[in-house]
Amino acid sequence: MTQEIRTVAIVGCGVIGMGWAVLFLSRGLKVIISDPMEGAENALKGYFEQSRSYLEGFGDYDKLVSNYEFVHDIASRLAEADLIQENGPERLEFKRGLIATLDKYARPGVVIASSSSGLPSSEFIQQCKQDSTRVLIGHPFNPPHLIPLVEVVPHPGTSSESVNTALNFYRSVGKRPILLHHEVPGFVSNRLQAAINNEAYSLISRGIVSAEDLDAAVTSGPGLRWALTGPIATNALGGGGGPEGFSQRMERLGPAIRGWEDDILKHRFDWSEQRMSALQESVNKSLGAVKWDQLVEERDLVLLQLLAAKQKMASMSTPSGH
């Protein structure tokens, strides 16, 4: 598809769908959005109000949010969409039927991007009768309007034109897309999170560290560096910089890391009732007094400040800005 994308259909407006709506509206796009859940439309309006300060950073709030329609029959409106962002439940049979419906009613060539967080699109295109080559994964991180990352994951039959359309579109709305060259369950970032979380659960449930100190070990340590340069560049910097620095780091720390890996695998979190109970007990102590509304508000504020600071640095800015 070569035409400009001006209208996006959002199918499913849970937290992810609502975040996409805020992002697309902030960029002046028209949004047609639908969700069968009772109360979904009111929830969407409330989410827009919560995101008022973000939207006001891009223009007049009332003007921006007037550019969407909540509809109950999305199929009858799909022909108007230049791109479709699907956010249905992570249930395979449901996803297959939904994607087939989107494929049936979408205009030829219109990309159908799924926000699936772990199911590869090759698993839910079987019922597509029109054109499965335009289906791919466009997986965001929550909240989509704040965190730039989106993982673009084509299935083996996805056309290169559809991939390029998705990549260019996400860049145009301020996202930082990454392209996966092969499908893997969970994609990239969720696999990284799973590896870190599983080790975190193991350390906490074994009584080695509290949940509170585990979070501090990330937020006051490597998490700060990873947010700026990522694990690979951080390793290279630790070895003096450049590809040679990465190689030196691997040679110097490789034997020790392999030893840690043996211990990590030996004590990996087994999801047993005993381990789960110990983990939950520490989490209760750590998080019981947290004021969650305040935490979310402050998190989003600092996140925006961090993104703005990174954007000013040539080596850390996103290609299209955010």
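Using N, Cα and C of the backbone, Cβ positions are placed for all residues, glycine too.
Taken from Swiss-Prot, the feature active site, for hydroxyacyl-coenzyme A dehydrogenase activity applies to Glu151, supported by similarity to another entry. Summarising the annotation, Swiss-Prot assigns site 'Important for hydroxyacyl-coenzyme A dehydrogenase activity' to His139. Annotation comment: Swiss-Prot describes 5-25 as transmembrane segment.
Counting other Cβ atoms within 10 Å of each Cβ, the recorded positions His139, Glu151 show the lowest value at Glu151. Between the CA atoms of Glu151 (active site, for hydroxyacyl-coenzyme A dehydrogenase activity) and His139 (site 'Important for hydroxyacyl-coenzyme A dehydrogenase activity') there is a gap of 5 Å, rounded to the nearest whole number. The secondary structure of Glu151 (active site, for hydroxyacyl-coenzyme A dehydrogenase activity), as reduced to three states from DSSP, is extended strand.
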